[in-house]
Amino acid sequence: MIFMTNEIVNSTSTSQKLILASQSPRRRELLAQLGYQFSVQASDIDETVEKAETAYDYVLRLAKQKAQHVLDLLPEAERVYSYVLGSDTSVVFNGEILGKPDNEENCIDTLSLLSGNQHQVLTAIALVSHAGVKGQVITTEVTFKTLTKAEISAYWLTGEPQDKAGSYGIQGIAGQFVKTINGSYSAVVGLPLYETAQLLANAGFVGSIHTK
């Protein structure tokens, strides 16, 4: 589907096509916030962490693979003018990648680790095209207040943490858990606005405001 925010949004060339390789409504909203015209195509890849893989390497690999997967699905003639943006986010505590919770117990365990502590959120972006791959990783430090088990259980019942890396969504109810954040808020949500705008500008795309 095509997602547009207004009529003036366009690319510098009508031959260029931007595709977001994600089914995340949060990433779609963030990219639209920058004023780009783009289509959305979900990417289905294996997200298993490889042996001895660091969180940095993991998120960057997934961002690239998501974008490459979508590019490979396109008819060969379309690949010449298509640019696919992939992104991946992981919550990391003491070097351990904290995935999405399978159940309430898993959520309680994860948020108990984060309670009263600082953790890192790593978000990678990658732009894949016929010209190659460009990507980077943004690291943000987040500190939580101390949480009670009752608070965590109540949070689980809201349904918000059930599809979130690290068992929380900073843009929602869990925003009240955050004491401090050092880095990019939008990266924690799922797509770093500044870095994404820079990446797309360098590829020749123009949003609401041309970024240099």
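Even glycines carry a Cβ here, placed using N, Cα and C.
With a 10 A radius on its CB, ARG26 (site 'Important for substrate specificity') counts 17 other CB atoms from all the protein chains. The site 'Important for substrate specificity' feature in Swiss-Prot is assigned to ARG26 (among others); the stated evidence is sequence analysis.
The active site, proton acceptor annotation in Swiss-Prot covers ASP88 and is backed by sequence analysis. Non-local contacts of ASP88 (active site, proton acceptor) by the CB criterion (under 8 A, 6+ apart in sequence, same chain) comprise TYR58, VAL59, LEU60, LEU62, ALA63, LYS66, THR123, ALA124.
Around the Cβ of THR89 (site 'Important for substrate specificity'), a 10 Å sphere holds 25 further Cβ atoms from the protein chains shown. The site 'Important for substrate specificity' annotation in Swiss-Prot covers THR89 (among others), and the record cites sequence analysis as its basis.
Residues annotated as site 'Important for substrate specificity' in Swiss-Prot, with sequence analysis given as evidence: GLN171 (among others). In this view, GLN171 (site 'Important for substrate specificity') is surrounded by 17 other Cβ atoms within 10 Å of its Cβ, with every protein chain counted. In the three-state DSSP scheme, GLN171 (site 'Important for substrate specificity') falls into the coil class.
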>> For the C-alpha pair, I'd like the distance in angstrom between GLN171 (site 'Important for substrate specificity') and THR89 (site 'Important for substrate specificity'), rounded off.
In response: 14
